[in-house]
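Participant: Quick paste from TrEMBL:
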- 542-782: domain 'G-protein coupled receptors family 3 profile' (DOMAIN)
- 1-18: signal peptide (SIGNAL)
- 544-566: transmembrane segment (TRANSMEM)
- 578-599: transmembrane segment (TRANSMEM)
- 611-633: transmembrane segment (TRANSMEM)
- 645-666: transmembrane segment (TRANSMEM)
- 686-707: transmembrane segment (TRANSMEM)
- 728-749: transmembrane segment (TRANSMEM)
- 755-774: transmembrane segment (TRANSMEM)
Amino acid sequence: MSLFLGVLILCISDSVRGYIIGDRRLDATYQELGDLNIGGLFSFSEYDQKLVCGERVSLDATAIIQTTEILVARIREINMDADLLPNITLGFVFLDFCSNVQSAMIQAKRFLPRSDPSDYTPTNQSNYLTSYKVVGVIGTSINHVTVPISILFGGAGIPIMSAWDSGSDFNDQSKFPTFLRQTTSFWEILKTMFNVLETSSIEVFSILLEKRLEDMVEIEKIREQSEVSNLCLIELVQVTVNSDFEDIVVGLLSGISKVVLAFVTSISANFLVQAVHHLEAGNQFLWVVTDTWLNQGIISGMVMLTSLGPYNNKQVEAESVLANPWFQKLLNQFHCENEDCSQGHVASITDIEAVNKEALEHSIDIFAMGLQSLLKEHCPEAMNAEATACFEKHYTDFIKYLSSDVISEYQENIRNDEIYVSQMIISNNSDGEKQTLNVPIGSYTVSTEDSSFIEPLTLDMLDFGFEDTQKAAKCQPVCSEREYTKAFHCCWSCVRCLDHEIVVVNNTSCLKCPSFQWPELKDGKFSECRMIEPTVYGLDTPTAAAFLGATLGSCLFAMMVLGVVLTHNKPKERDAPMWLVVLQLNATVCGYFSVPLYLLPPSKLSCTSAIALFLFSFYVQYSALLLRIIYVYKAQAGVLKTTPQLALILIVVIIIEISVLLLLYLSKPIGLIKNQPELSKKFVELLCFFPVHIVAYFLLVSILQLLMCSVFAMKLQSGWYGYEHSRFILTYIVLALTGWVVFLPAYFIAEHNRIKMHLLIIALLVNHTGCLMLSYTPRLIMRICVKKGISSYDQFTSFRKSILVSKMNSIEEKKKSLTPPVKLKTPSPVSPVEILQPSIETVSDEHVYSSSV
């Protein structure tokens, strides 16, 4: 409401300034100006997000052209009437708001009164839109557009007349003081139709309802009203303009009720008529419709109960249609340039089958009679310009003349006072021409709600038995074991429960089963939840077979590496004590043994054993790797720790890690867990459960150990002693750290425990296999390559040192030849390691191996 008031203030301030700025596309009007004019707002063009007004016409463009021609024809008839408005000429101005609320507000502002008469014909800028003096406006059929426009016109005192069903949105006269309508509200029509059905002993019906925001409230009100009227609502279908109307009609044909109340928009009504015509189902329903069916092409065979006036034809002049600029836009869209094409479209428009053309004509008549009354009272002798000036002086009082007794013959059809009810039967005569049988039923006065005058319907034209409209056993079907009975006051419908829901004891609703339970039959209904037998995975699944195959291959590779290490155990060919190397290899093999324990049918023993081997393997492997790198680093520095000290450090580290792990285990032990991935499926799996804090502690310790290993491995890069090993070990450390970085989010966001278990197995296989390949294999391959030319690793090392020394001496000699002799101080003695260490930074491995060749 505040938004509309803000727009109103803006519009009033704009009227003082005079001109309205807008896109020139909005200036495509259909007008024939007179002394006083009637305005109109129509949605002729489609909305375009890139343009103010789209290039294509809307879906109901033909019906809008017919509507405007009915209005134009009636205005011209009034101008030829010597008694109604003899002294003035009535004109019209119809604007296209292009199916857009913003454009509608811009167009509505052009009807507001201006402070300066010169403001109506701006000439200084092309973007200024012309304003028009109007006595009233024929509103649009789109409610969400009519609401802000009615507020705008209400503040300016301009009457707005609606010839369409505007619903109950406009019942509050304090909000819409100048809003008038030729039809009643949706709910009054609904009550009227219910009374007609009750009088005709029709007890079951269906409803087609246009889908809107307030649907749930309206649906409940419809059900309540049907119960009050002792009617059975069998089916309620919500539709939009994008619905498949043929499917909807097919569904109604297969249903119980053949009486359908269709409260839909004009566009949906058009699609519905086309679907009925295509399926040849015109006389297989009794259609109860409202005035939204205005100008729709009613097909042969349709039997309709309507609140509209009589159904008849209206002929308009072809010259008027051709002069309509909107009709020209319609021809341009169809690329209809030759005369034969255009004449075909003219013929389809001039012969109007209007369901409620009287409502449109009455709107013009009411404005004309109100003008006549106002001019007679204030300036009876005024003519033309004088009459115009007289109206402008008293236009704020014009709304009173539209509601007074001076137009008594139309008064009873304004402001929701009366509803006309009639039955229309459309059939073909022997010559194939369409005939219409109008059966007047009566009028229904809302204030008295007296339905005693309503006559029964004529149902001879319908292609279904009259008994189908009454309550029957088929209105009370037998529901299946998965359905409950949704009872209404007269019958019930069967509502199916979901697969994981049970039918409650009183057979009135569904209830979801708790987790790990599933509905079971009891007394003919799925009314009891029972535990689901969990699915246990074994070693026979494809995933388990793949993991076992990878584990077996890795174990064989580990055994081969262990054998090579044990057979080539010369101290100078090792970079760490023999026991430390063997311990690391055995820890790797122990980790592989945890994989089949993971894959066995889960039990508390198998789960605990699997995670114990898993953690022991990683703790021992990373601790041994750290000590191994420290050993090489100390060997390079010439400060070696003794073997007992290394063993003591390793034992202490492992004891601390295991002690903390035991404390965490005691706080929440490892066990089994049931997992139901989807509550809507009868599937429960039994898996091992690893507490989060144990996994988090393991990851923290492992990553810290790897980071410490990386520090020492990078320090080894600058020395010659462990250069060959350090670069491979550093590659393995980078691989392991990258693997854990990827593992962390994947593990903790995985929804199913089975996926988490698979991630643990993958992490173990990748880590341990990478350790075997990068910590041991490069040294074995190097030994094989060097063995052909040099008998032992010791000889290879000595040979490499001699080459480095000779290379360094040659560099020194070149320096002496290029520089004059300088007396130098006697250098202090240095170790061979200090001599070789700087030179190794300037000599690459390629130089070493090429020199050996």
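Placed from the backbone N, Cα and C atoms, the Cβ positions cover glycine too.
Whatever TrEMBL says is automated annotation, not expert-curated.
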Participant: Give the one range among 611-633, 645-666, 755-774 whose Cβ atoms make the most pairs under 8 Å with those of the transmembrane segment (578-599).
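Facilitator: It is 611-633, which has the most Cβ pairs under 8 Å.
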Participant: Are there three or more C-beta pairs under 8 angstroms joining the transmembrane segment (645-666) and the transmembrane segment (544-566), sequence spacing 6 or more?
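Facilitator: Answer no, regions not in contact.
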Participant: Please give the sequence-distant neighbours of the transmembrane segment (686-707): residues at least 6 beyond its ends with Cβ less than 8 Å from one of its Cβ atoms.
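Facilitator: Sequence-remote neighbours of the transmembrane segment (686-707) are 534-536, 598, 602, 606-607, 610-611, 615, 618-619, 622-623, 625-626, 657, 660-661, 664-665, 667-675, 733, 736-737, 740, 743-744, 747-748, 753-754, 756-757, 760.
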Participant: Average pLDDT across the domain 'G-protein coupled receptors family 3 profile' (542-782)?
Facilitator: 79
